[in-house]
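Read through the structure below, which is laid out as structure tokens, and then see the notes.
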Amino acid sequence: MGETVPRRRREDEKSIQSDEPKTTSLQKEVGLISGICIIVGTIIGSGIFISPKSVLSNTQAVGPCLIIWAACGVLGTLGALCFAELGTMITKSGGEYPYLMEAFGPIPAYLFSWSSLLVMKPSSFAIICLSFSEYVATPFYSGCEPPKVVVKCLAAAAIMLITTVNSLSVRLGSYVQNFFTAAKLVIVAIIIISGLVLLAQGNTKNFENSFEGAEVSVGAISLALYNGLWAYDGWNQLNYITEELRNPFRNLPLAIIFGIPLVTVCYILINISYFTVMTPTELLQSQAVAVTFGDRVLYPASWIVPVFVAFSTIGAANGTCFTAGRLVYVAGREGHMLKVLSYISVRRLTPAPAIIFYGIVATIYIIPGDINSLVNYFSFATWLFYGLTILGLIVMRFTRKELERPIKVPIFIPILVTFIAAFLVLAPVITNPAWEYLYCVLFILSGLVFYFLFVYYKFEWAQKISKPITMHLQMLMEVVPPEPDPK
């Protein structure tokens, strides 16, 4: 018994299952098609089917509304091309995290992981699953809203199922993503084809004088861009799993080049389809635009719309879990989270502890009554980190010239995206100042307290608490440390 104690005390440096192979690591099982499906499947969630009215409400006219949707697609593509350079230059999973680490050091990277892992990503995951559960439960409660308890229980079950699938197998998770992406493209095709047929039949009244009454103020345009970009969010998801991409130098940029323009074309055509059967006023009054479209165009087969929207939301939730779990994994590997979160399942070769942690935090977020306001105020932080990351790309052009760049975008692209990101961060604060933005900034900065206590100084008492927890979780989950951080 006495001989085993020292081995347990050294578990942070060496696995307690020290006879495991040294090559335990994430496997490269995501190809080009799966990469495109992850991008398309994560971007196209419930937003384009339920609330495209948010862009219209700020532009007040059909013409500017369609221009905003196109502009958001172009901006997403430009941002993703910058991330393609970063992803092929620094071939590590974790999205913005390793890029901020290389460009600016550990503190900005830690603050990104702190705010992303505890608020932005799990709360978004929870909202997507709540949206899915509402669509599933509503048909069983005709004439009234489904009980909150039912919706939350279904959302918790969805989170548990998605977490389990992605913990079991990378390949299974990507197959599930491919299936749901195909399903959502079916409903996208149905809406687009129906709209084009109606357009060919002469339903063009809503496109006449399409710029009349347009709102062109800075505040209105910034809010319209915010709402449009929310529907495009997910364009950087493939960078979270770079280490699992086959031939990332080829497949990462190709998936971006094919995936995001495809989404952009779909979004514009879907909006055109909506306007063939609804006036701007009717669209603004609709609670679920795609359902209204289905009732008017697809009856008596209109039931397929909520079914496929449910498929779309669960696909977006799966893509979010698949990629965000890797951020937890990389943060744990760098010592910015509990070490056990960076461990890999011996049997499944998945970052199971990271995915399970992400699922638990997301489940906590479905308990409160309304978390939309929290996410809305943190959405500006998303573009804060996007802008900071792309600024890091510009900085590394001068400070890290020795790094190989298989893809090198023209310098004006990251400069343009950085300026737009700064505009998106500052515009809502200036045009509609609120204390919540200050609270958001204070929360992000509060991560510094935990950074210096648990990461920088590494107090002995914290290590004594974490070591036995890590050891027991490692034995319970049959996980081991990964290979050394790829350089």
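Cβ atoms are placed via backbone N, Cα and C, with glycine included.
The membrane topology recorded in Swiss-Prot places Glu96 on the same side as Pro410. Site annotation (Swiss-Prot): L-arginine is bound by Ile43, Ile44, Gly45, Ser46, Gly47, and the candidate from Asp233, Asp295 recorded at this site is Asp233.
The secondary structure of Ile43 (L-arginine binding site), as reduced to three states from DSSP, is helical. Counting residues per DSSP class in helix, strand and coil order gives 3 helix, 0 strand, 7 coil for the topological domain 'Extracellular' (138-147). Counted over residue pairs separated by six or more positions, the transmembrane segment (148-169) shares fewer than 3 Cβ pairs under 8 angstroms with the transmembrane segment (218-238), which leaves the two as not touching. In sequence order, Gly76, Ala231, Tyr232, Asp233, Gly234, Trp235, Gln237, Gly259, Ile260, Val263, Ala316 make up the list of same-chain residues 6 or more apart from Ile43 (L-arginine binding site) whose Cβ falls under 8 Å from its Cβ. Long-range contacts of the topological domain 'Extracellular' (275-302) within the same chain, counting only residues at least 6 positions beyond its ends with a Cβ under 8 Å from a Cβ of the stretch, are 48-53, 56-57, 60-62, 187, 190-191, 194-195, 198-199, 203-204, 206-207, 309.
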